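Encoded as structure tokens, the structure appears first; notes follow it.
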2 protein chains.
Amino acid sequence: MSLRDDGPSLAVVGVTGAVGQEFLSVLSDRDFPYRSLKLLASKRSAGKEMTFEGRTYIVEELDEDSFDGIDIALFSAGGSISKQFGPLAVEKGTIVVDNSSAFRMVDDVPLVIPEVNPQAMSHIKLGSGKGALIANPNCSTIICLMAATPLHRRAKVTRMVVSTYQAASGAGAAAMEELELQTREVLEGKPPTCNIFSQQYAFNLFSHNAPILSNGYNEEEMKLVKETRKIWDDITVRVTATCIRVPVMRAHAESVNLQFETPLDEDTAREILESAPGVVVIDDRASNHFPTPLEVSNKDAVAVGRIRRDVSLDGDNGLDIFVCGDQIRKGAALNAVQIAEMLL
Amino acid sequence: MSLRDDGPSLAVVGVTGAVGQEFLSVLSDRDFPYRSLKLLASKRSAGKEMTFEGRTYIVEELDEDSFDGIDIALFSAGGSISKQFGPLAVEKGTIVVDNSSAFRMVDDVPLVIPEVNPQAMSHIKLGSGKGALIANPNCSTIICLMAATPLHRRAKVTRMVVSTYQAASGAGAAAMEELELQTREVLEGKPPTCNIFSQQYAFNLFSHNAPILSNGYNEEEMKLVKETRKIWDDITVRVTATCIRVPVMRAHAESVNLQFETPLDEDTAREILESAPGVVVIDDRASNHFPTPLEVSNKDAVAVGRIRRDVSLDGDNGLDIFVCGDQIRKGAALNAVQIAEMLL
């Protein structure tokens, strides 16, 4: 049991969603200490009973008074809920770890991957009575930078070309259900139900459904571009990305091409990645065993493989790698809980 | 009817496979003229009846005498069959259009995409009595270069970073069946049958199953690297690729990052692609409508979208594009039949 008098008072906002549920699962797995726990959701889910670590909780409707006496709140209820209730929580002295994109690019809000840039939140102290916002990066950014950062530290990444293979879970639990439903329908020769996505997802793939910006990139892609700069605190790093949804349930894959300022050979890169926290190397060329979304599903570590010198560049100034990570776990809930742990 | 006395005598080798069947379908769609048609396959399929354009044919076992009197043979029965029977057919005066990788990188064998490098086969003449080999490029190469070549002609591609999203069909009809079977099994909570692939393919993706070479690339990736150089007749073009199988039936997608020698803005690129033969532009940002494998399935044209200036490069020296093409059709059978048409 991690219900302890010396732990913080916790709230989980958006507890009925895919990430909200994973918050609970990760808190329990990691034996996160808490004095009290409040489960918050929209009016629609209020009153629902949930059992967590042997106790029954009633889901409460999120409102202005929800954060009275709350030390840490984990938010994953979408950007507009974060924008409305995040600042209210901060006013009450709550430290908000927000999984939405609402505050990620706000100057004084730290955007944190604990293995990558813990120093960005070192000024935020639990028990100081001062509330604060800490943003959880986008899932694709987290998964990419878990692998790219250890290499960046050694050889400085100057340019990164990313193509993603993103799972249904990034669009929420309803999207995962729609993928399953559509797949059944297509196998039965029926037209697929398209409620969450505008087109057939089963046995298909499509450009990420995020809105397209004036430069032709979609918002998901620009998150990779901009969040990388903020997390690495390096406005010179050049990133381009193409984000694609594939009919996979809950883990993202990314093909990442890296160019370095100084040479980095593939054996050294492999050694660096093998000792990187939160990273596991799966790179067995003989048996053609490399990371897959299925193999990392429900796992904490981000898996890296296909590590090889980029033959399109001279010398050792480039590498291609292939990365997979559980989108709900390290891509969202786990990273947020790790941020909360750093506050303890 | 395209059965005509003035047409060539045709043979289709590997007629019972996915590409073999598509050869027949494309020949019929395009009203390809032929004097006679011989359907060839392995012993296992010999004796099978097939109806084509209203006539019934008996599939014959491929042997040393199969090519007597055959003007053009379309091969798609795997590399070892091509290696064994391709040269035999050439000796008999047959022009072989080979869909396997067996002869692609052989110096005096043209590697042809009709829209891209028809000149490479201009010395081969039907009716000259001289046999010849012409190689059909790999499906990923064809689909990529259909879009990249018109841009390359204008601004010279110096470097290309490709990540593929490859369909089951590239591994043959049995792989498509296994994907469907596995999907049913997974939905029913059963363990997936893994005969063709060594791991679960349903709701998953994995590094292409081609063997890994000593440089860490797999053979599929090096095809993109090497075939591009040969087709463009440019040993200076730099290509890197990461090839991934996704749970899609019969069309490949590719995320392609292009760097140019001279500037090429995205509006000009779009205009060039809109007038490129065999290419259709699907690039509707407002409605988030871009190419998908499903939309190009059973279609001839390669679809291009997500055309945008690469924000990671200065000026207009780079573009990101997303390309989809039917792997069995333009990626294999259609391209081969187009080669045969150029011989007429």
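Glycine is treated like the rest: Cβ placed from N, Cα and C.
Neighbour list (B:CYS139 (active site, acyl-thioester intermediate), Cβ cut-off 8 Å, at least 6 residues apart, same chain): B:GLN166, B:GLY170, B:HIS252, B:GLY325, B:GLN327, B:GLY331, B:ALA332. Residues annotated as active site, acyl-thioester intermediate in TrEMBL: B:CYS139.
The active site, proton acceptor annotation in TrEMBL covers B:HIS252.
Taken together, the residues in the domain 'Semialdehyde dehydrogenase NAD-binding' (B:9-124) have a mean pLDDT of 97 on the 0 to 100 scale. Feature annotation from TrEMBL assigns domain 'Semialdehyde dehydrogenase NAD-binding' to B:9-124.
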Around B:HIS252 (active site, proton acceptor), how many other CB atoms lie within 10 A of its CB? 30
